[in-house]
Amino acid sequence: MRLAFMGTPDFAVPALHALHEAGHEIAVVYSQPPRPAGRGQAVRPQPVHLAAEALGIPVRVPTRLRANHDEHAFFRALDLDAAVVAAYGLILPGAMLTPRAGARLNVHASLLPRWRGAAPIQAAILAGDDESGVTIMQMDEGLDTGAMLLTGRVALTPATTASTLHDDLAAMGGRLIVAALANSETAAIPQPAEGATYAARLTREDGRIDWTRDAVDIDRQVRALTPWPGTFTTLDGTVLKIGAATPIDGPRDAVPGTVLDDRLTVACGQGTLRLTRIQRPGRGMMEADAFLRGQPVPVGTRLGS
């Protein structure tokens, strides 16, 4: 098939590679424009942009698609069989949704209609879901509301992190989009209205730890929001990022946020949480024992106050 591929972050790269390896003609790749990244804030192309260039595929990086009539005309002139979207980050206007049946496909990292929106991987972990997955859906002008073609499922465990789930679902998305294009007879199933939920775009403030919450919920927050936007608390006014933690049994009458022992076990609203990976300003993420050698934290210290 002659395709356009639209994607931006690392999540979309396996789908691009899978389509290329399956022998599809990828006429053009759309990605969001290069942006500052890393400590030096150097302007860098997005991961999909780099992957497409490595494959020798032309790349377009418009800053907007709505009311971009020149881009609409270019897109129509491509004479595509299908357009595949995976975490592109811009909503396609109607003028860029090719009318061919089954040819407007999106790779979405959730079991729709649960977790439509921008952050489905993190939302599934935050909510304590038992499973997540990938849905291949036909695109319409709604937000992840189109009819579903294929789904793949993966179980979530108390050890699942956003990073591990991201990689599992990215690989699954590549396999499923190739399968969807190979079987044009797959029936599209409209999404049910019941069970629809939305995963809002994350902000840095979503990572602030509220120690009055249950230890299990805070553990989910750490696993869901590492590396972005990261979970954090404060120690004497200094921001500490928390990279990993473990809920454990502990006293129920301690003030939330109180350090209970010399292993950085912290009282929560329900239960206790042992911090196992920590980062202070200007340093890399480190194990708790290494952190404590350079920054002793006395028993009774209050975090987040």
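Backbone N, Cα and C atoms are what each Cβ position is placed from, and that goes for glycine too.
Here the structure is a predicted model, which means the values were calculated and not measured.
Quick look at what Swiss-Prot annotates:
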| type | residues | note |
| --- | --- | --- |
| BINDING | Ser110, Leu111, Leu112, Pro113 | (6S)-5,6,7,8-tetrahydrofolate binding site |
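Here the binding-site residues are Ser110, Leu111, Leu112, and the one with the most other Cβ atoms within 10 Å of its Cβ is Leu112.
Listed in chain order, the extra residues whose Cβ falls within 8 Å of the Cβ center of the (6S)-5,6,7,8-tetrahydrofolate site residues Ser110, Leu111, Leu112, Pro113 are His108, Arg114, Trp115, Arg116, Pro120, Gly133, Thr135, Asp144, Met148, Thr151, Gln191. In the structure as shown, the Cβ atom of Pro113 ((6S)-5,6,7,8-tetrahydrofolate binding site) sits within 10 Å of 20 other Cβ atoms.
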